[in-house]
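A quick write-up on the structure given underneath.
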Amino acid sequence: MKIDANKEKALNAVLGQIEKQFGKGSIMKLGENRSMDVETISTGSLSLDIALGAGGLPMGRIVEIYGPESSGKTTLTLEVIAAAQREGKVCAFIDAEHALDPIYAKKLGVDIDNLLCSQPDTGEQALEICDALTRSGAVDVIVVDSVAALTPKAEIEGEIGDSHMGLAARMMSQAMRKLAGNLKQTNTMLIFINQIRMKIGVMFGNPETTTGGNALKFYASVRLDIRRTGAIKDRDEVIGNETRVKVVKNKIAAPFKQAEFQILYGQGINSTGELVDLGVAHKLVEKAGAWYSYKGDKIGQGRANAGKYLIENPAVAQEIDVALRALLLTPAAPVADSATGDENIDLETGEVF
């Protein structure tokens with residue numbers, strides 16, 4: 001694009017002035033001096049990484065994971081922490097619910113000796129800790145469990161039954177404004193776990209909403225809706241959950257995709273089972289009757305045995321994983337901003353409907 005000489009001279013002068021005042025890199029052309037690819041961390045589920053479009057959750061962004069009780073929200077975040085730690089990243093867990101089980105976290109592969117953990121007394125304290133960790137530039141992933149447990153100081157110091165209209169929403173709104181810029185500068189991922197509530201008197205549409213006001217919906221680059229869809233049984237014993245995750249909002253790729261996987265009790269996401277299923281679907285793993293084969297070698301009779309073979313042979317599992325990612329992942333392309341995905345907002349009241 002050719003620019004008029006006088007305009008170009010004026011533009012260069014003002015750019016120089018801005019950089020002198022605010023520092024180099026404070027303003028630049030969009031395609032210049034920056035990485036166009038978003039750095040991501042795996043969620044522990046290959047199908048969810050593919051549904052996200054970029055191979056995982058994005059660094060330097062805010063992520064919200066919400067769903068009903070016991071749907072796998074904390075498990076998913078612990079899988080992300082384990083994946084980040086395997087890459088040598090520093091992680092922190094803000095346990096506002098005071099319910100983190102270190103034994104379970106260790107079973108999922110989390111290095112609990114190097115995981116920073118805080119159990120704050122108030123919501124303001126939790127968010128201040130988040131801000132301090134972010135500004136340090138030394139922490140790569142921060143998880144807050146959960147937004148619903150971030151209780152404002154005024155509510156804690158008041159009496160039960162006192163009205164505190166909009167306190168949590170105002171607190172979250174202020175925190176989002178403060179955190180968003182720092183997260184981008186330090187390339188820190190901030191994951192908020194959230195609970196769902198029912199709106200009273202909704203006749204049509206979805207009565208569900210999340211806690212903490214609307215600010216988080218707008219500032220989050222990715223919003224994941226996680227649900228338990230069924231039970232996994234071994235004879236009569238329930239050993240896990242069938243889980244579905246919907247990408248409700250996605251600023252780094254196309255939204256509204258879904259992923260289905262299994263969460264096994266005491267083990268976490270059944271990643272090897274996913275590799276077997278996706279490998280068969282995309283003809284990387286051959287299936288003849290009950291037998292599964294890879295590159296002509298039999299790897300097991302039945303899905304469970306094939307998965308066990310991949311656990312015992314991580315090099316083969318890694319090979320299939322890399323091949324599937326190369327086949328199914330497309331380069332990340334930013335999409336138009338959307339506040340809440342498939343939800344709508346009443347601009348007068350701020351209600352989600």
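Just so you know, glycine gets a Cβ as well, placed from its N, Cα and C.
Annotation source Swiss-Prot lists ATP binding site at Gly67, Pro68, Glu69, Ser70, Ser71, Gly72, Lys73, Thr74, citing sequence analysis. Gly67 (ATP binding site) has a Cβ environment of 24 other Cβ atoms inside 10 Å.
In this structure, Ser70 is the one among the binding-site residues Ser70, Thr74 with the smallest number of other Cβ atoms inside 10 Å of its Cβ. Non-local neighbourhood of Ser71 (ATP binding site): Ile226, Arg227, Arg228, Asn241, Thr243, each in the same chain, at least six residues away, with C-beta under 8 Å from its C-beta. When the binding-site residues Pro68, Gly72 are compared by the number of other C-beta atoms lying within 10 angstroms of their own C-beta, Pro68 comes out lowest. Around Glu69 (ATP binding site), the C-beta neighbours below 8 angstroms that are at least 6 residues distant in the chain are Gln195.
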